[in-house]
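Novice: As annotated in TrEMBL:
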type	residues	note
BINDING	2, 32, 35, 41	[4Fe-4S] cluster binding site
DOMAIN	1-65	domain '4Fe-4S Wbl-type'
Ligand code: SF4
């Protein structure tokens, strides 16, 4: 589907007006929503991370938000685990 991207949905042309970008991204997301590999595609894009385009149903800005949330969650989990580790180490 997105491999050929004949409609130019997944990547922004230069100097794209905001309204056109939002409309194009929503159209790309609709394609992704029907894609059988959306979950895997999204994780791949988050691991790279892909700085441009719609991947796995997320825009680049949305992927940055997901990544920031994951980093914050990981830091909170590490913080929460620290006292337990210290207690275990003390025996
Ligand atoms: S989920 Fe990924 S592979 Fe599927 S259409 Fe969207 S960008 Fe393409």
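Each Cβ is built from the backbone N, Cα and C atoms, and glycine gets one as well.
Remember, TrEMBL labels are computer predictions, not curated facts.
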Novice: Please list the DSSP helix, strand and coil residue counts for the domain '4Fe-4S Wbl-type' (1-65).
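Specialist: Its residues fall into 32 helix, 2 strand, 31 coil.
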Novice: Of these binding-site residues, 32, 41, which scores lowest on Cβ atoms within 10 Å?
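Specialist: Ranked by other Cβ atoms within 10 Å, the binding-site residues 32, 41 bottom out at 41.
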Novice: What same-chain residues, at least 6 away in sequence, bring their CB to under 8 Å of the CB of residue 2 ([4Fe-4S] cluster binding site)?
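Specialist: Within the chain, residue 2 ([4Fe-4S] cluster binding site) has Cβ neighbours under 8 Å at 9, 10, 28, 31, 32, 35, 54.
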Novice: Determine the Cβ neighbour count for residue 35 ([4Fe-4S] cluster binding site): the number of other Cβ atoms within 10 Å of its Cβ.
Specialist: 15
